[in-house]
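Listed in TrEMBL:
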- 20-41: transmembrane segment (TRANSMEM)
- 31-279: domain 'G-protein coupled receptors family 1 profile' (DOMAIN)
- 48-66: transmembrane segment (TRANSMEM)
- 95-116: transmembrane segment (TRANSMEM)
- 137-157: transmembrane segment (TRANSMEM)
- 163-186: transmembrane segment (TRANSMEM)
- 220-247: transmembrane segment (TRANSMEM)
- 259-281: transmembrane segment (TRANSMEM)
Amino acid sequence: MSTTTVNQTDCPEVKVPLPLFFTIGVVSLAENLLVVVSVLLNRNLHSPMFCFICSLAAFNTMASLTKTWETLMIVFANVGQLEKKGSSEMNLDDVMDSLLCMSFVGSISSFLAIAVDRYITIFHALRYHNIMTMRRTKTILGVIWITCGVSAVLMVRFFQSKFIMICFVAFFVVSLAMICFLYFYMFMLARIHARKIAALPSSSGGKFGRQRWRGSSMRGALTLTILFGAFVVCWTPFFLHLILLMVCPMNPYCECYRSLFQLHVVLMVSHAAIDPAIYAFRSAELRHTFRKMLLCSDWKQRS
């Protein structure tokens, strides 16, 4: 997406080699496809949380595939095989921009859904399976994907409008605030509940079972907090770029920051490669599934 302006500045634009974009895109594409296939084919992972994680990996797969294809198009254009300003090329560029926007909106929507799921798991444990049924989970995922698709098309179609750009940035900021508040509230309540459980007599029935349940749920919440932290680190520079583009489009100091745009894109693309590594590090079930898949073993369900 074109988000740079041409101003007089002492800061030259930082260029990132195309092979680096291509390498990151291919690696992240392979990793996220591995996550999606693992969740789909391992029955032990057919739970609401892993369905949302699968959705997040699918959006990351979309971003990786789009950026890899865009890199190939740039290579073909540089060697004269494609017209940089041809009508079909411009339409294809709009499609890729829409897919990238969709992957962003979908990622942050998936994070929000996962945060709510973890909250219900921890604080409504007895009613969790009645609240978060698989049917309800599929409905939530359907709403997320349809809403993200429509939003992405509108964003790219009217992106030159300052109002749309403001809405795009506002969505990012408001979503970050909501998820951060939910995680903070969740961890604070979990700390209070842990103290109450610890104060119970050791002979109290179900005490250790509740501790194990909350420990497992909090471990899942911590994993998703790490995922969300990586998302914030990788995407914030790009949104700061957009904010500066709106606030100070002609300021040479702002232009110096915008000269790092390609580095911001590298961070965005790298995010799709970082997530699967966090899944594998934090989830024993996913590690087991990955290992079985890579060794071509009978991995559909753990014995």
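Cβ from N, Cα, C; glycine included.
Contacts between the transmembrane segment (259-281) and the transmembrane segment (95-116): absent, as fewer than 3 C-beta pairs lie under 8 angstroms at sequence separation of six or more. Contacts between the transmembrane segment (137-157) and the transmembrane segment (48-66): present, as 3 or more C-beta pairs lie under 8 angstroms, all at sequence separation of six or more. No contact links the transmembrane segment (95-116) to the transmembrane segment (20-41), because fewer than 3 Cβ pairs that are 6 or more residues apart lie under 8 A. For the domain 'G-protein coupled receptors family 1 profile' (31-279), the predicted model reports an average pLDDT of 80.
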